[in-house]
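Since the structure comes first, as structure tokens, the remarks are kept for the end.
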Amino acid sequence: MRFDIVTLFPDCFTSVLSSGLLGKALAKQIAQVNLVNPRDFTTDKHRKVDDEPYGGGVGMLMKPEPIFSAVESLPILERREVILMSPQGQTIDQPLLRELVSNYEQLVVICGHYEGVDDRVLHLVTREVSLGDFILTGGEIPAMALINGVVRLLPGTVAKTESLTAESFEEGLLDYPQYTRPANFRGWKVPDVLLSGNHAAISQWRYEQQIKRTSDRRPDLLEKWQQEKKPGSREQGSREQGEK
């Protein structure tokens, strides 16, 4: 997977791209990240990338010319998506990440800044994506989240592939509570069922905890899951857990 990140602040990505699973994935060439600064494509001596909006208004907008030039300088792979990070876009979720991994080999990610971008930039864009219903100073942090979410789904990034399918949101529910040693910490004890060695009972407990936690914290997800779940999914999961 190739990522081309169009950003006025490429240095923001340095530590993120060199650490953790993301850094390892890049080192193993599972993914490639190319940082492109639209300021490098300006033609005036001040390297101006923003200007006042027509009709008046607060703040400055990113000009279209440097963004177009930056994107048009990039190679075009056969399966390419051009994404604008925007609060008006589709919210990042696990189905979106899986779709991007399955369908594309190149993601061009444009990070807006100031009060946004000239609307004509949308002629370049095939999709707008948002981190959530709130405003940030720029698209860099949402872009980092998008890259991280996509890369960890690429084959070879996570050593144990079952770790991916057992996480929150992958089955439509939040994850169950998890514990490690010690079994008793300041009076808070690990549930007995997890110490029992009974895999079927553990699987059932985890399933029940997923339902409870999702109901308590994200009832909207539980409602969606109840509408979409397939008959037999729990029983199949229980059998798989019991066979391990």
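Cβ atoms are placed via backbone N, Cα and C, with glycine included.
Bear in mind that the values here come from a model prediction, so they are computed numbers and not experimental data.
In the structure as shown, the Cβ atom of I135 (S-adenosyl-L-methionine binding site) sits within 10 Å of 6 other Cβ atoms. Among the features that Swiss-Prot reports, S-adenosyl-L-methionine binding site is placed at G112, L131, G132, D133, F134, I135, L136, with the record citing sequence analysis.
For 211-244, the entry in Swiss-Prot reads region 'Disordered'.
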| Out of G112, G132, which of the binding-site residues is least crowded by other Cβ atoms within 10 Å? | G132
| said: Taking every protein chain in this structure into account, which of the binding-site residues F134, L136 has the most other Cβ atoms within 10 Å of its Cβ? | reply: L136
| task | Compute all pairwise C-alpha distances among G112, L131, G132, D133, F134, I135, L136, the residues listed as binding S-adenosyl-L-methionine, and give the largest one in whole angstrom. | result | 16
